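K.L.:
The structure is given below, and queries will be raised subsequently.
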Amino acid sequence: MAVTCDPEAFLSICFVTLVFLQLPLASIWKADFDVTGPHAPILAMAGGHVELQCQLFPNISAEDMELRWYRCQPSLAVHMHERGMDMDGEQKWQYRGRTTFMSDHVARGKAMVRSHRVTTFDNRTYCCRFKDGVKFGEATVQVQVAGLGREPRIQVTDQQDGVRAECTSAGCFPKSWVERRDFRGQARPAVTNLSASATTRLWAVASSLTLWDRAVEGLSCSISSPLLPERRKVAESHLPATFSRSSQFTAWKAALPLILVAMGLVIAGGICIFWKRQREKNKASLEEERE
């Protein structure tokens, strides 16, 4: 039995196939939603926690979607969540045991991962992906880590002609600002060295100055972060009494040559006057004897 083909049906099939081939492949995978992240970087304190939050638009439920947070460069999984369950298989060891999925608002299209015990290595850009079948949307979340470190300490040591004050601190991130002032509020120039740990990337600070001004009663050391300009840690130190005594001794040492020169001039002048008067007396005596 011969199979016949309706020419009109064949043309219809060809037309539909042609239209389908004309469609961009990207439109097949394009999601019916957008994913948005924070508009500004998120500030996280070293040792604290940070929340990586992303939002669906429109506000549809994400309960049945695959949700993934990962480091954009390179692509390392921070946390994965799918259909109400955490998927730990692809999570990198750096994040195991310190991420928590917050499911409070997933039904309204808002999802968040909380990362605990923040370190300097969390200072980077992250990506969040919401995937529904073969369709997905992505957004980025930038995290900036800040740390003021330990309280600064000032160590004062006597020098031959002054005093040396060194301010030290550790655990700062990123590079900190160091400011040295005296108790009158006057800035004091100092030599500051900053060094970063190869293992923690935290910065250590050592700022030293030598003070020659005997009128200064004490010094302060202020450390602040460029990410937290309104917050700072300050240490103050009164100069020891030995510095004032050594300062007085140094002042006497500086004045002693002048005093000796002045005394020498006075003595020399006195001797000159004495010999001049003695000569005049001797001359007068000789003239009287001649008369």
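Every residue number used here counts from 1 along the chain in the order it is shown.
Positions of Cβ are set from backbone N, Cα and C atoms, glycine also.
Take a look at what Swiss-Prot says about it:
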- Cys54-Cys128: disulfide bond (DISULFID)
- 27-146: domain 'Ig-like V-type' (DOMAIN)
- Asn59: N-linked glycosylation site (CARBOHYD)
- 1-26: signal peptide (SIGNAL)
- 27-254: topological domain 'Extracellular' (TOPO_DOM)
- 276-291: topological domain 'Cytoplasmic' (TOPO_DOM)
- 255-275: transmembrane segment (TRANSMEM)
K.L.:
Give me the long-range Cβ neighbours of Cys128 (disulfide bond): same chain, 6+ apart, Cβ under 8 Å, in sequence order.
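P.N.:
Result: Val35, Gly37, Leu52, Cys54, Leu67, Arg68, Trp69, Ala111, Glu138, Ala139, Thr140, Val141.
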K.L.:
By a 10 A CB contact count over all chains shown, which of the recorded positions listed here is most packed: Cys54, Asn59?
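P.N.:
Buried the deepest by this measure is Cys54.
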K.L.:
Could you put numbers on the helix, strand and coil content of the domain 'Ig-like V-type' (27-146), residue by residue per DSSP?
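P.N.:
Each residue of the domain 'Ig-like V-type' (27-146) counted once, the result is 12 helix, 62 strand, 46 coil.
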K.L.:
Per-residue pLDDT averaged over the topological domain 'Cytoplasmic' (276-291) comes to what?
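P.N.:
Computed over the topological domain 'Cytoplasmic' (276-291), the mean pLDDT is 69 on the 0 to 100 scale.
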